[in-house]
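*Asks:* Shown below is the structure under consideration.
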Amino acid sequence: MITVRAPATSANLGSGFDVFGVALDRPADIIRVERAERTTIEITGVGSQYIPTDPEKNTVGAVVDALDAPARIEIDKGVRPASGLGSSAASAAGAAVALNELYDRGLSRTDLVPIAAEGEAVVSGTAHADNVAPSILGGFTIATADGVESVDTEIPLVACLPEIAVSTRDARRVVPETASMEDLVETVGNAATLSVGMCQADPDLVGRGMADPLVTPARAELITGYDAVREAALDAGATGVTVSGAGPSMLAVCRGPDRRDVATAMLDAFAAHDVEARAYQTQISDGATIL
Ligand SMILES: Nc1ncnc2c1ncn2[C@@H]1O[C@H](COP(=O)(O)OP(=O)(O)O)[C@@H](O)[C@H]1O
Ligand SMILES: N[C@@H](CCOP(=O)(O)O)C(=O)O
């Protein structure tokens, strides 16, 4: 049996829609695989009752097919589904790493990214790699049609998950189909600033570079209390705040000493809007680990 811990991730980071992602040091899914004639999936953990065990509908099923690696698969969910923290991706990434090992396929971590992304197509309709890339490779990742780059870096983060359901499929429907040249220029500048900030492990630059006039405003409307939570986090010292992935989680970048205050401020602001939430005081981390 092979066991893999695959971390949650936060995709987009505002200015990098469908391209940027970071691995979080918690929460994580645990995936266990052993060879079998026929693929079966058992799921335990947070939100497991909402996740299909049919391999045709679970993200890990697409990975099994791509690697031609039938298995008995156990998924212990640490990442709540429909969270904006790459829940579906964590399972797909963990399965890709585990099945590659179990069947001795010899693929590199980079080779596994497009394979795991096939799982994302099952649930969101698009094989976007911005969650599976950091869950497999760790660090800050840039996933494009031409491949994936990753940068090891250290940035303190707060990921705040409210008890609101937003599916990635639904949140993709509100993304505008066109953009003005002015907004594109602003976004390119912000994305470049963010990338430099990641390379320099500079929370100020990363926070500044997360600003996004294109996708985030439409998605923020799906999150009760978004503006108040964002303001509260900034007042408590966050250097930038945005929607994590497709939401409903919100991601705040901060300096290490401010992380606790930022987490408390975000929870209090959600509570003021009668929304229960939990905050992960976290940081950019390694990718999937074979235990
Ligand atoms: N292994 C899996 N883990 C989590 N969700 C899964 C998995 N397989 C299929 N799903 C489905 O994917 C959807 C959650 O994915 P998504 O909307 O992208 O949220 P998240 O942002 O948490 O990844 C749910 O409908 C869930 O049932
Ligand atoms: N780029 C995708 C990312 C979805 O992330 P998730 O964690 O919400 O699955 C998008 O924005 O749709």
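Every residue gets a Cβ built from N, Cα and C, even glycine.
It should be emphasised that the depicted structure is a prediction, and the values quoted were computed from it without experimental measurement.
Among the features that TrEMBL reports, domain 'GHMP kinase N-terminal' is placed at 60-139. Annotation comment: TrEMBL describes Arg80, Pro81, Ala82, Ser83, Gly84, Leu85, Gly86, Ser87, Ser88, Ala89, Ala90 as ATP binding site. Feature annotation from TrEMBL assigns domain 'GHMP kinase C-terminal' to 198-266.
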*Asks:* Write out how many residues of the domain 'GHMP kinase C-terminal' (198-266) are helix, how many strand and how many coil, based on DSSP.
*Replies:* 35 helix, 8 strand, 26 coil
*Asks:* Going through the binding-site residues Arg80, Ala82, Gly84, Gly86, Ala90 in sequence order, which have a CB under 6 Å from an atom of ligand 2?
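*Replies:* What lies within reach of ligand 2, judged by Cβ under 6 Å, is Gly84, Gly86.
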*Asks:* If you draw a 10 Å sphere around the Cβ of Ser88 (ATP binding site), how many other Cβ atoms fall inside it, taking every protein chain shown into account?
*Replies:* 25
*Asks:* An 8 Å radius from the center of the Arg80, Pro81, Ala82, Ser83, Gly84, Leu85, Gly86, Ser87, Ser88, Ala89, Ala90 Cβ atoms defines the neighbourhood of the ATP site; name the other residues of that chain inside it, in order.
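*Replies:* Close Cβ neighbours, site residues excluded: Ala8, Val79, Asn131, Gly245.
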*Asks:* Would you pick out, from the binding-site residues Ala82, Ala90, the residue whose Cβ has the largest number of other Cβ atoms within 10 Å?
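*Replies:* Highest number of other Cβ atoms within 10 Å: Ala90.
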*Asks:* Run through the domain 'GHMP kinase N-terminal' (60-139) and tell me, per DSSP, how many residues are helix, strand and coil.
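*Replies:* Counts, helix then strand then coil: 46 helix, 8 strand, 26 coil.
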